[in-house]
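Annotated compositional bias 'Basic and acidic residues' per TrEMBL: 681-698, in sequence order. Per TrEMBL, the feature compositional bias 'Polar residues' maps to 1065-1081. The annotation domain 'CTLH' is assigned in TrEMBL to 36-93. What TrEMBL lists as region 'Disordered' is 668-698, 1060-1081. Sequence annotations record features per position, and here TrEMBL assigns repeat 'WD' to 440-483, 575-610, 872-904.
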Amino acid sequence: MTTSLSRDLIFLILQFLDEEKYKESIHILEQESGLFFSTKYFEELILAGKWQEAEKYLSAFTRIDDNRYSMKTFFEIRKQKYLEALDKQDRATALNILNKDLKVFSSFNEDLFNEMTHLLTLDNFRENEQLANYRDAKTARAVMMVELKKLLEANPLFRDKLQFPTIKNSRLRMLINQSLNWQHSLCPNPRQNPDIRTLLVDHSCRNSSDPYPQIASSNQLMAPAQRPEGFVPMAANGPFPPTSTPLQTPLNAWVSPPSSSMSHPVVPGGGVALTAPTIPAAVSRGLGDFDNMAKPRLPAVPDRIMLPGMSSSQNNGLQINMTEDLPKTVARVLNIGSAPTTMDFHPVHQNLLLVGTNNGEISLWEVRSGEKLVSKNFQVWDIGASSMPLKAALIKDPSVSVRRILWSPDGSLIGVAYSKHMLQLYTYFGGSDIRQHLEIDSHIGAVNDLAFCNPNKQPAVITCGDDKTIRVWDLATGTKLFTFEGHEAAVHSVCPHFKENVHFVFSTSVDGMIKAWLYDVMGSRVDYYAPNHSCATMAYSTNGKRLFSCGTTKDGESHIVEWNEIDGTVKRAYQGFHKRSLGVVQFDTSKNRFLAAGDDFSVKFWDMDNCLPLTTIDAEGGLPATPRVRFNKEGCLLAVSANDNKIKILATADSLRLIRASDTNSHIAMRPSSDAPPKNGDLKRMEDTRPRSAEELKPTKVHKLSEISTPAQVRTLKLSSHVKTDKISRLIYTNSGTAILALAFDATHLLWKWPRGDLNLNGKATTKVSPQLLQPTSGILMVNDRANGNPDEIMPCFALSKNDSYVMSASGGKISLFNMLTFKTMVAFMAPPPMATSLAFHPQDNNIVAIGMDDSAVHIYNVRSDEVKTKLQGHNKRITGLAFSHVLNTLVSAGADAQLVVWDSGLWEKQKACFLQSPATRANLNTQVQFHHDHIHLLVVNETQLAIYEMRKVECVKQWVKGENSAPISHATFSCDSQFIYSSFLDGKVRIFSASNLQVKCQINPTAYLPADISPAGCHPLVVAAHPQEANQFAIGLSDGSVYVFEPIESEGRWDAVQRLENGGPSTSASPSTAMDQSQG
């Protein structure tokens, strides 16, 4: 294994060879060392068509069967080589390439190999539709190189190998000169102008009569080092940074997946695979695309980067800019009541904070308002099922503290680890609704940490404890799945992760041992010690690419280090800790950029790329010696434990403004006391949520409503279009958030894309910049096939692939699959009857599509094989909505028969069904469905109501019914964080509901966005779409074919912070238009 200093030496030699123009030697050393892959050299070989040299260079770093990225890279090179031979009409060479180079891929997809073989029979391979855009070899090589660069950057084997480190010129010469100067300083009689003629022996000034020293035959030039560090540090220049003991097994060895495991096989010739297409001028990616997944995403680059090794004085201005992004100002102080020991922000509702304390209490806080939503003291739910050691421990000492409290990744579950034996799991239903889920007597002694994981697609929770074990439990049943044994001291923390579809977990014990485990019974795969054998916790950066640990020794010496996962050494050690910490230091990471730790009665921040502290704050004083810290997901809030049983909420400047604006307007409403969940876990069914009349529900207190009636109160943008279209039937943002796609009733698709620029650096959709209406050079738009039937019976529908590359769409005729980059129709299929009325892509496989039909069936269609896999029969009227849940592994269908049917999305079997609780008497309501962010709760919408269903039990838990005098609902959708529901009405109004209680937070009247000369009666919203990343942005499609984008004004920032207006002043009463609209549940 190459040690870190040996690696540095090789880089210095590469630099030296480059400066001395030893070009061939450079690339030989690159291949032999495997440390640096020269993309520039590789590109030169590809563009020159030197295929053998290119493959030889590539093979030094990876093999074909290493992973799917490597396989695809080799395949693309050999495919291009094959196509060029065909283009030259050199069929003998092409046949040789097919048999020798491409046949190896036939075992992965024989249909593809057969299709490649079929090209030999064509006079011009461009007769193949997928290769029709092939121009010439030069153009195709250039475009292929763009794709190859993306594959290399996405390939984990090339991590840290594509960028040559930043090194000063002639660094090796400089180090040698430093060494010679040091040697000269040791000479007993140093000369003023020493005569140095060789580097092969140590320098020593000599008399003119002395013989010149000879090199012993046994001496070796640059012999292998005996020390594990690789070099002996020279004291005159200071010691090298300490290097931790290497891993027994490198991480990249034990987390690599089997070479044969490809989650998505290559595309057969019989169908069209939904992979990301490339530039149309080159080879179409449709033929021979080995990756049916989305296009590999490149790692995000921070807006500002502090380079390692740069001093704070050199980067003072840069640090000032970076600290602006840190939460430094005290925005709220929460009085907890007892000393907080652990905290965690909700992953979606990022103003919700869980707190565990030293007396066993857990509480849920809304930090914007400072309101405590829930408080629960420790209590064993089923003492009869508890173990005797637990009962004995509680009798001896009934005091219990919370060691760790944690949200599940989707925010639907809460895990609590206690100081005595117990793990308790709660289900969170929003607001203050928390219910008991599982109680596990998990360890003997304290349960020190917990974490959620999903190995083998089996949701689980991991715990560790004083009994020196780590245990894995099934999240649904509480069944123990694995026990990991091997630590010699109490296990302090766990850190699960996955790479290349291999799931593993790190564990740390109080004696400083770090172990890594796979989910099997084979024991730990890795054993090594934290720096100075400290008791440490480990955490990955948000993107999962960088691993850190933070710990404190028994003597109070603290550290934060970044680990090199490749060789298990310390990559970077962060400075700035107090010499003797007075407690165990806690830390957290944020935004893939920052580290924060509580030390010396303050909070210290680091940029991940700089060892020196970025800044230190005392949060207005009152902090303990080692305060606990926790960022929210966006990194705009930081919870810090304080003295006197308090938690201080620190905020960035933007978040501080929102918190202060919401001091009297919390967006999380408490549930009515009559709806509060029963105490002590009595899981009785909720009261009947049947629709009730307005008379039954006459409230004693009317909910306040914010109304927006003028353009000055809201930011809107009308999307310009020179294409004349009919009313907008469907509307969606692309998953990247950079474009909006609309489907008009005349079957025409319109695609607007926002440009990048000074006013829009990230290219995301915004009301500040107008987007461009995209059109191909041919001028041919994406237009669906249309039927000649009754227009009133047509239900236009579409679905967008996860990679934004394809849209499947129907407008009464055949279903069309369009390439979103070229606007080209890839395929059209399923001519009516029956007619498609709803479409949804499978969340795990874009080649599986659920298609709702007007004959009440749901077809499960395989795009790859161009066949209907199965037909689901459960409705008696047409299908109006479809939604997948990857958490529940279900497909939910809604029909005009007012029925919801739940299907198993693996076996395609019917599980449950229920009829909507609807006050409407008319039939054939177009009911639409959409899953909440947690993929457990379902939004159900038709023209009479909004309802939230809990889909594990398939029961309605919340419902809002429109009043008799209100206009029908035309459409509704969740915001991206599922905090709001945006709903449009046929009278032109748009209402924004709180998803937690279905109360109207804000109403936008048509006078706020429509020109004065346009009446809402002739121009009203039909569809609404929510931005996939910006929770406070949405768009509506209108009956006149126009599309508007909405955002709150910048001074408000959020819809629930909009001031309540009445005649220009704050409103204290409900809008008359909503007085008869009521929320139930």
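Here the Cβ of each residue, glycine as well, is placed from N, Cα and C on the backbone.
Please treat TrEMBL annotations as automatic predictions, because they have not gone through curation.
On a predicted model such as this, the values are computed, not experimentally measured, just so you know.
Same-chain residues lying 6+ beyond the ends of the repeat 'WD' (575-610) with a Cβ under 8 Å from its Cβ atoms: 300, 302, 305-308, 310, 315, 319, 322-323, 325-326, 535, 537, 539-543, 545-546, 548, 550-552, 555-560, 562, 616-619, 623-631, 634-635, 638, 640-641, 650. For the repeat 'WD' (440-483), same-chain residues at least 6 beyond its ends with a Cβ under 8 Å from one of its own Cβ atoms are 385-387, 389-390, 403-404, 406, 408-409, 413, 415-425, 489-496, 498, 503, 505, 507, 509, 517, 519-521, 537, 887.
Residue counts of the domain 'CTLH' (36-93) by helix, strand and coil are 41 helix, 0 strand, 17 coil (DSSP-based). Averaged over the repeat 'WD' (872-904), the predicted model reaches a pLDDT of 93. With DSSP classes pooled into helix, strand and coil, the tally for the repeat 'WD' (575-610) is 0 helix, 16 strand, 20 coil.
Under DSSP, residues within the repeat 'WD' (440-483) fall into helix, strand and coil as 3 helix, 25 strand, 16 coil.
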